[in-house]
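J.: I have a structure here, written as C-alpha cells, and I will follow up with some questions on it.
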Amino acid sequence: MRLLPSKKVVGEIAVPPDKSISHRALMMCSMSSGVSVVHNLLESEDTLRTFRIIGELGGNFRGGFDRMEISLASWKESLRPLDCGNSGTTARLMAGVLSGKEGFHVLFGDDSLSGRPMERVVRPLKEMGASISARQDSLLPMCITGGKLSGSEHSLSVASAQVKSAILLAGIQAEGTTAVTEPHCSRDHTERLLRSMGAKISVSNKRVEVEKSELLPIRFSIPGDVSSAAFPIALAVLHENGKVTIREVGLNQGRTGFLRLLIKMGADIEMEVEESLPEPVGTIVARSSRLIGVEVGSDLIPSMIDELPLIALAGVFAEGTTTVRGAGELRKKESDRISVTVQNFRRIGVEILEHEDGFSVEGPQRITGGKVDSYGDHRIAMLFSLAGPLSREGVEVTNSNAVNVSFPGFFKTLEEVCQ
Ligand SMILES: O=C(O)C1=C[C@@H](OP(=O)(O)O)[C@@H](O)[C@H](O)C1
Ligand SMILES: C=C(OP(=O)(O)O)C(=O)O
C-alpha cells in the first residue's frame, strides 16, 4: 500500500470495537451459566480466532458480530488442535480458561505467536494444578490437560493483563482464593467483566483476588477500541491541518496512557466520558498541535503498551528529545517492535536511536519517504501508514494487510480523513 502526502486530515470517524474486550466477552460469556447478549463485537482476524476456538469447544453463537447471543451448555474436548493464529490474547487467556476444563487441549499459533513467551502463563497455571507441556517448556504449541485447580498467590515480575487474566480465569474455576499482584497496573477489562458477571472479586491497588465463582450471563455493548483510535488521533495532532472526532470509544484509564502522554507533550486533545459501566465510553476530539519532547518510564508503559511505537512518530515532530525506556516487552509482541520501528524510520529518512528497552528521537525532523515493511505486525503497518500523509514524498508499506488483525477497514478510514 502506498500512502501519499496529504493536505488535510479532517473528519468524524468510527473506530472498530475493542479487541481486548471482544476476546474477553467471547470467552467469559461462554463460561457463564446462561445466554449473554453482546453488542458490537470486533470481527477481525484475532477475535475470529477466539470465536472459532470457543465454537470448537461447544460454544453456541446466534446472530452476528453486531449483536450476538453467546452461550455454552457443556465444554467438550476438541478433536483438533486449537489455532490461535497471530493472537497472544487468545493463546494466553484460553490457557487460563482451559486449565479448568476437563480434557486434552492443544493450542498453537502462526510463526510470530510461536516465538512469543508462554512460560509466563504456563508456570502459574501449573502451580494451580494444571498439567501443561509446551515446546521447549515455554513456547507454542502447548498441551493442557485441564481439571481440578486450587487457588494460589502470584506476583508478576512484569505487568501483563494477559497473564493476570489467564490466572483470574483459572482462579474463578479453582478451589480457594487466587491472587495476582502486578508491579504496575495493567488494563482491568477482565476484572470489570468478572464483577459485572457476579464473580467474587476484590481489587486493591495492584492486587486482585478472586474466589471460585459461577458467572452470570450479561448484556452489554463493547465500545470502540482506543488503541485503534490512537492512529487517526496521532495523525490529526501531527498534521499541520488536522481535526478528527471519534465517538463511542473506550476511555478506560488503563488504556488511555498514550492520549494523556500526547496531552503532556502539548497536544490539543479533548476526552469526555459519557457513560461508565461496565467500561468508560466517550468522545475524543484531536487537533493539530505543536509538541515538545518527553521521557516515558516504566510506570506508564502498561497503559500505553500497544501505542509505544506511535510515541516515536510523535517524537519525530516534537521539539527536543523524546525517549522511551523500560519497554523491553515491546520486543516480545507480534514483531520485535523496538527493532522494526527503528529500522523502518531509518528507511524513510528519520534519525532514531535504539536502546535495549526503548528508543530516543531528536525532533523536529521531516519525513522524506520511502519503502518500509510491516513484518506482519498490524500496529507497525498502521504506524508507518501514518508516516505517508505526513511525509514529503509518500511511504510504501509492504505486507500492509496485517491491519486486519485489529482494524479491518483501516485504509478506508485513512482515505476518509486524508484530503
Ligand atoms: O490483555 C490484553 O488484551 C492485552 C494485553 C497487552 O499484552 P500484555 O499482557 O502482554 O502486556 C497488550 O499488548 C495486548 O495487545 C492485549
Ligand atoms: C500485542 C497485541 O496483541 P496480542 O498480544 O493479543 O497478539 C496487539 O494487539 O498489539
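Note that Cβ sites are derived from N, Cα and C of the backbone, with glycine treated the same way.
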J.: Given that TrEMBL assigns K19, G88, R116, Q162, R379 to the phosphoenolpyruvate site, pick the one from R207, R331, R337 that the record assigns to that site as well.
T.: R337
J.: List, in residue order, those binding-site residues out of S20, R24, R116, S160, K333, R337 with a Cβ under 6 Å from any atom belonging to ligand 2.
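T.: K333, in sequence order.
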J.: With respect to ligand 1, which members of the recorded positions K19, R24, D306, R379 satisfy a Cβ distance under 6 angstroms to one of its atoms?
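T.: Correct list: D306.
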J.: Give me the CA-CA distance between K333 (3-phosphoshikimate binding site) and D306 (active site, proton acceptor), in Å, as a whole number.
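T.: Computed Cα spacing between K333 (3-phosphoshikimate binding site) and D306 (active site, proton acceptor) is 9 Å.
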J.: For the binding-site residues K19, K333, which Cβ has the most other Cβ atoms within 10 Å, all shown protein chains included?
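T.: That would be K19, with the most Cβ atoms nearby.
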